[in-house]
């Protein structure tokens with residue numbers, strides 16, 4: 001008798017994706033972040049669903065409804081903080097997942113990589129709109145500042161901003177539409193994840209050596225299901241430690257003050273996971289230039305397959321590229337730090353230098369290092 005999981009039209013798909021999937025035998029813990037991102041998305045959708053049952057997207061009651069969730073709803077505080085800190089965990093996993101892709105040359109899977117970049121953009125948009133919903137000071141002013149960036153677009157900018165706002169300032173219409181988009185986008189992300197996996201399973205996973213591993217494959221279950229289970233356990237432990245011991249660690253105290261259009265906070269800054277891009281935006285004195293740099297700082301990821309000049313796929317055996325890669329990581333930490341600092345000396349110049357270094361490494365230094373390494377191979 002044939003096995004149901006191999007013949008049933010629906011179960012067969014799951015079987016080919018998570019059970020009998022041939023996987024390289026040498027993939028390290030860096031390959032755990034895909035499943036962890038799936039877990040984060042699931043947590044965010046579930047906690048978000050329960051929050052949406054009690055939240056009201058009206059400027060008069062939004063802040064009070066969040067307070068009501070935390071004070072009066074059974075375990076509302078837990079759901080709210082799991083959702084807020086779950087977003088931080090989501091971005092930690094995202095950055096590590098992208099970093100792994102850059103280090104081991106996974107971007108050579110062109111379609112998978114580009115859908116991944118679209119997923120990153122969609123997640124950033126979702127997180128931004130979610131930050132506006134509690135309608136605290138930083139929510140309101142963050143929404144005002146970031147949406148206002150679109151006014152830098154020539155000719156249609158101002159009209160576009162007012163169209164997004166639904167009026168002449170960030171108000172009730174803006175909050176309502178942000179809530180609607182914040183609710184629907186995670187489901188669009190989930191659909192894109194399936195397409196991301198579809199393209200990945202066309203080629204199979206990359207591995208640390210960057211070599212073709214067709215001759216040495218093992219079944220996904222039980223080897224990688226148990227490995228993913230360990231990663232999931234560690235992620236949940238980290239998330240719950242953050243939620244139960246220091247839930248406001250990564251938040252902004254200003255967001256505990258209800259939104260007031262007449263009082264601007266001294267330092268407007270986004271959540272920590274956007275600070276690197278915010279620093280790049282602020283480092284350019286021109287508004288349109290800053291917006292273009294901001295968009296390009298993420299969009300530049302799509303250029304990696306074109307800028308890959310090395311004869312080897314992975315950085316595993318390329319010490320020069322490894323060194324430059326870690327300088328890039330340090331530069332991103334520097335940008336994140338600068339994004340949270342006030343706009344004054346010496347932070348302005350540090351931010352500008354870090355921004356120049358960021359684009360230089362990706363567009364110039366890494367490809368040059370690859371060519372040098374190619375030459376060294378011939379010696």
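Yeah, the Cβs are placed from backbone N, Cα and C, and that goes for glycine too.
Note that the structure is predicted; figures quoted are calculated from it, not measured.
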Which one of 11-32, 55-76, 77-98 shows up in Swiss-Prot as transmembrane segment?
77-98
If you measure from the Cα of residue 182 (heme b b562 binding site), which of the binding-site residues 97, 196, 201 is the nearest?
196
Contact check, the transmembrane segment (347-367) vs the transmembrane segment (113-133), 3+ Cβ pairs under 8 Å, seq sep 6+
no
Take a look at 113-133, 178-198, 226-246, 288-308, 320-340 and tell me which one has the most Cβ pairs under 8 Å to the transmembrane segment (77-98).
226-246
Helix, strand or coil for residue 83 (heme b b562 binding site)? Use DSSP.
helix
Residue 201 (ubiquinone binding site) has its Cβ surrounded, within 10 angstroms, by a count of other Cβ atoms equal to 14
Do any residues, 6 or more residues outside the transmembrane segment (288-308), come within under 8 Å Cβ-to-Cβ of it, and if so which ones?
98, 102, 105, 107-108, 110, 113-114, 117, 120-121, 124, 149-150, 152-154, 276-278, 280-282, 355, 358-359, 362-363, 366-367, 370
